[in-house]
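One structure is given here, and the rest of the page talks about it.
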Amino acid sequence: MIIDRVEVETINSFSKSELFKEIYGLIGILPIFALLLGITIEVLVIVWLEREISASIQQRIGPEYAGPLGLLQAIADGTKLLLKEDILPSRGDIPLFSIGPSIAVISILLSFLVIPLGYRFVLADLSIGVFLWIAISSIAPIGLLMAGYSSNNKYSFSGGLRAAAQSISYEIPLTFCVLAISLLSNSSSTVDIVEAQSKYGFFGWNLWRQPIGFLVFLISSLAECERLPFDLPEAEEELVAGYQTEYSGIKYGLFYLVSYLNLLVSSLFVTVLYLGGWNFSIPYISFFGFFQMNKIIGILEMVIGIFITLTKAYLFLFISITIRWTLPRMRMDQLLNLGWKFLLPISLGNLLLTTSSQLVSL
């Protein structure tokens, strides 16, 4: 069989094009892997930071023996959870028991799609970015409720019900605060919201235009993260770890991961919605612009933007960790009264005032 030279060149070009397509596909996946690696490192840093801050507040020694400054302690804890035996309840619903933690983790990881860490550094710039986050965050309590129900344990089921009730109570005022920000920015895109705050530097932050909404958002986000004083779904004294009672090994580690991922996502959204995101606090002129260094400018602005975003987010993390080790836990009736009788009317009034001011300005 004789093959013509043209046919050989066609076959070679086809194979090369297919190879290039596979390479481009792998390159397209790299940002996702980079984001997952960054999230993992951030969680380890938050765990270490919380232990150090709590030790300082309580005037005791923090984790300082596993590695330099105790940096390896979080890695050691994660390794221990991975190696522990995964025990399943004999009378529980095993499929739901296994799916519950996965739903909670996946729903929170999807929230990182719409978070802009820097200028043009976002996986998906959607026109409904902030409301997509709210819709995704409302899925996590479903996983907690499934975990409590499938454990065939009254304490676990009670913890799952409390998690669902708490999420519903604080999801509504959180949505009203986000809607007010969208009205001020004339957009629901997270990138547009950050850029709308960049006109006047530090004084253009939504923190100054929405101080009441900021406080409501701060309290509601802490309740969404189930952080003290709002950690009733997993309070050890009343509920024996709540929906986590029957979990061990990697599944318990996933719930442990959920709490810190939720805190990280909430801190990043506080930064994006109220603290100007990646922007400097004051108007600035790029130093490299005088030397026509366009490529270096783009890379440098992205790195500086990521650094500024994370710095502001860690400020919120410090506040939330300090609140956890300072205030006592609330009762369930106090938690629901705060959400329905105080935060909901205040957030609704803030939304009405924002809408009125926008109509008057037209």
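Glycine residues also receive a Cβ, built from the backbone N, Cα and C atoms like all the rest.
According to TrEMBL, the protein has these features:
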- 23-49: transmembrane segment (TRANSMEM)
- 94-115: transmembrane segment (TRANSMEM)
- 121-147: transmembrane segment (TRANSMEM)
- 168-187: transmembrane segment (TRANSMEM)
- 254-276: transmembrane segment (TRANSMEM)
- 296-323: transmembrane segment (TRANSMEM)
- 335-353: transmembrane segment (TRANSMEM)
**Study point:** Recorded stretches the transmembrane segment (335-353) and the transmembrane segment (254-276) touching, at least 3 CB pairs under 8 Å
**Key:** no
Point to revise | Surrounding residues of the transmembrane segment (94-115) on its own chain - C-beta under 8 Å, 6+ positions past either end | key: 35-36, 39, 88, 122-126, 129-130, 132-133, 136-137, 139-140, 142-144, 146-147, 149-151, 190, 243, 246-247, 251, 254-255, 257-258, 261-262, 265, 268-269, 272
Practice item. Report, as numbers and ranges, which residues of the same chain sit near the transmembrane segment (121-147): CB under 8 Å and 6 or more residues beyond its ends. Key: 31-32, 35, 96-97, 99-104, 107-108, 110-115, 156, 159-161, 163-164, 166-168, 171, 174-175, 178, 181-182, 187-191, 193, 224, 233, 243-244, 247, 255, 258, 262, 265, 269, 273, 278, 302, 305-306
Practice item. Go through the chain and flag residues at least 6 beyond the ends of the transmembrane segment (168-187) whose CB is under 8 A from any CB in it; none is fine as an answer. Key: 127, 130-131, 134, 137-138, 141, 193, 196-197, 206, 209-210, 213-214, 216-217, 219-221, 223-224, 273-274, 335-336, 339-340, 343-344, 346-348, 350-351, 354-355, 358
